[in-house]
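**Student:** According to Swiss-Prot, the topological domain 'Mitochondrial matrix' annotation covers 1-11, 87-94, 171-182, 262-269, 328-335, 401-406, 479-515. According to Swiss-Prot, the feature transmembrane segment maps to 12-40, 51-86, 95-117, 141-170, 183-212, 228-261, 270-286, 299-327, 336-357, 371-400, 407-433, 447-478. Marked as Na(+) binding site by Swiss-Prot: Glu40, Gly45, Ser441. Swiss-Prot lists 41-50, 118-140, 213-227, 287-298, 358-370, 434-446 with the feature topological domain 'Mitochondrial intermembrane', giving similarity to another entry as the kind of evidence. According to Swiss-Prot, the feature Cu cation binding site maps to His240, His290, His291.
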Amino acid sequence: MFVNRWLFSTNHKDIGTLYMIFGAWAGMVGTGLSILIRAELGQPGSLLGDDQIYNVVVTAHAFVMIFFMVMPIMIGGFGNWLVPLMIGAPDMAFPRMNNMSFWLLPPSFLLLLASSMVEAGAGTGWTVYPPLAGNLAHAGASVDLTIFSLHLAGVSSILGAINFITTIINMKPPAITQYQTPLFVWSVMITAVLLLLSLPVLAAGITMLLTDRNLNTTFFDPAGGGDPILYQHLFWFFGHPEVYILILPGFGMISHIVTYYSGKKEPFGYMGMVWAMMSIGFLGFIVWAHHMFTVGMDVDTRAYFTSATMIIAIPTGVKVFSWLATMNGGNIKWSPAMLWALGFIFLFTIGGLTGIVLSNSSLDIVLHDTYYVVAHFHYVLSMGAVFAIMGGFVHWFPLFTGYTLNDTWAKIHFTIMFVGVNLTFFPQHFLGLAGMPRRYSDYPDAYTTWNTISSMGSFISLTAVILMVFMIWEALASKRTVKSISLTSTNLEWIHGCPPPFHTFEEPAFIKSSH
């Protein structure tokens, strides 16, 4: 029974729960790695050893957080749980493939951990650029294991993407039109398209790297007519859409949370929100070389990538102001989920503004590979993606479990986390402007103050993570059941109660629209 339910599961809710648990566990590992990084940088001098081990930790931190925490929770967890419920489908289109998508991740994670354990580890950064990732600078199996790990995670995501696209296009009941599809469903659909188009390019790039390392090909080796810059183009053609993949489902969740706790029946500018997400998805594919302003591109090429990158700020701004407009005139309920959503809007916007700064190719020459970039992408990921996950988690926790979290603890948790992440990452802007480079385990004494403050912030965030574990335990132990849910007419996922039965929408739903 246990094996049939959890190992051979074909139920979207159970698979979503597995993704959630796996993502939470990986998040603990990633948090531990980030604490190691900040402990090393907390004061000048060496803590862990040389830069190789430091860069192994940094690389593992990036891969764990991206491929094993944010993506499994947002797309695998929330996506699996909510998409079928929101569109009134009985399950995903391919339930067994759904299960395989999940079970490819633990072996992938195992390979990544193995890569750190053998030889000297993969100290390449998450970009895995040759020649540093080649078989001279990184002899041994570490980078090869990392490549195989990425292959498995990539296959998992591609299969998941096919599943979501098929489900969303084909499994809506006739009563739901395209324009009644909830924004979270739209966001997952667009995310799935991005995954489907970008991951094969990454697979090609890392496969060529694998053959360069092991079969003496010279795709990225000038000695045989190859070019390491080709790898950078292939990687970033995946890598830039990837960062939008990480944030788009968050946009969808924030839209639902802001609408719900503003007491509105729909978000402001529904069509504009859909257009904005589609625009971001499209533009995300044509800006990749802004990660490569320092490799010596022509001035006209740099001008194009600068302006194209700045254009993305327009649909993003549409979303931010639509969220604010959704709240306007509403009866706002200051629930923990709403606090996360407001924190998201504020901090994501700050991250977006530093992104606009970095999009200027001339400025980026100076800021590239400094802590300014680290601060920028942690504002959009550590305070964008993670805040969206937290907001979604506390909002839908009653749906997933049938129990309610303690509101007071949840608000305290938000406050600690908010202080922690800002104290960690805001000073890094100053470090970057002062020229402190990334990916070094030590630094000149002049940078000590901001690094010490940053490291203190990371320990505050750690406290918040531990408190969240306590909060979940408290909720599951107290067993406060959900009494009633408001606004179910526009929030279809709640209509079956909390938690919903194992099978939902076994016959096609008819959704009566009031307008």
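Glycine residues also receive a Cβ, built from the backbone N, Cα and C atoms like all the rest.
Are these features on the surface or tucked inside, and what touches them?
**Tutor:** Distant neighbours of the topological domain 'Mitochondrial matrix' (1-11): 18, 91, 95-96, 98-99, 103, 502-503; these residues of the same chain sit at least 6 beyond its ends, with a Cβ under 8 Å from one of its Cβ atoms.
In the three-state DSSP classification, Ser441 (Na(+) binding site) falls within coil.
Remote same-chain residues near the transmembrane segment (51-86) are listed as 12-13, 15-17, 19-20, 22-24, 26-27, 29-30, 33-34, 36-37, 40, 92, 98, 101-102, 105, 108-109, 112-113, 116, 120-126, 146, 149-150, 153, 157, 160, 164, 167-168, 171, 181-182, 184-185, 188, 191-192, 195, 242, 245-246, 249-250, 253, 381, 385-386, 388-389, 392, 396, 399-400, 439-441, 492-493, 496, 500, 504-505 (criterion: CB distance under 8 Å, separation of at least six residues from the stretch ends).
Residues 10-12, 80, 162-164, 166-168, 170-173, 175-176, 181-182, 185, 492, 503-506, 508-509, 511 of the same chain sit 6 or more residues outside the topological domain 'Mitochondrial matrix' (87-94) yet have a Cβ under 8 Å from a Cβ within it.
Break the topological domain 'Mitochondrial intermembrane' (118-140) down by DSSP state and the numbers are 0 helix, 0 strand, 23 coil.
DSSP states for the topological domain 'Mitochondrial matrix' (171-182), grouped as helix (H, G, I), strand (E, B) and coil, give 3 helix, 0 strand, 9 coil.
Over all protein chains present, the Cβ of His291 (Cu cation binding site) has 21 other Cβ atoms lying within 10 Å.
Listed as Cβ neighbours of the topological domain 'Mitochondrial matrix' (262-269) (distance under 8 Å, sequence separation of 6 or more from its ends, same chain) are residues 183, 255, 318, 322-323, 325-328, 330-333, 487, 489-490.
Away from its own ends, the transmembrane segment (270-286) comes close to residues 179, 183, 186-187, 190-191, 193-194, 197-198, 237, 240-241, 243-244, 248, 251-252, 255, 308, 311-312, 314-316, 318-319, 322 of its chain (Cβ-Cβ under 8 Å, at least six residues beyond either end).
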**Student:** Please identify, among the binding-site residues His240, His290, His291, the one with the smallest Cα-Cα distance to Gly45 (Na(+) binding site).
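**Tutor:** Nearest listed residue in space: His291.
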**Student:** Give the helix, strand or coil assignment DSSP yields for His240 (Cu cation binding site).
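**Tutor:** Once the DSSP labels are grouped into three classes, His240 (Cu cation binding site) ends up as helix.
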**Student:** Excluding His240, His290, His291, please set out which residues of the same chain place their CB within 8 Å of the center of the CB atoms of the Cu cation site, keeping sequence order.
**Tutor:** Trp236, Gly239, Val287, Trp288, Ala289, Met292, Phe305, Thr309
**Student:** Mind tallying the topological domain 'Mitochondrial matrix' (401-406) by DSSP state, helix then strand then coil?
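**Tutor:** Once the DSSP states are binned, the topological domain 'Mitochondrial matrix' (401-406) shows 1 helix, 1 strand, 4 coil.
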**Student:** Mind checking which residues of the chain, 6+ beyond the ends of the topological domain 'Mitochondrial intermembrane' (118-140), have their Cβ under 8 Å from one of its Cβ atoms?
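**Tutor:** Distant Cβ neighbours of the topological domain 'Mitochondrial intermembrane' (118-140) are 51-56, 58-60, 62-63, 66, 146-147, 206, 209, 212-214, 220-221, 228, 231-232, 235, 239, 439.
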**Student:** Which residues of the chain, 6 or more past the ends of the transmembrane segment (447-478), have a CB below 8 A from one of its CBs?
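**Tutor:** Cβ under 8 Å, 6 or more out: 27-28, 31, 34-35, 38-39, 41-44, 390, 397, 401, 403-406, 409-410, 412-413, 416-417, 419-425, 427-428, 430-431, 434, 436.
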**Student:** When the Cα-Cα distance from Glu40 (Na(+) binding site) is computed for each of the binding-site residues His240, His290, His291, which gives the smallest value?
**Tutor:** His291
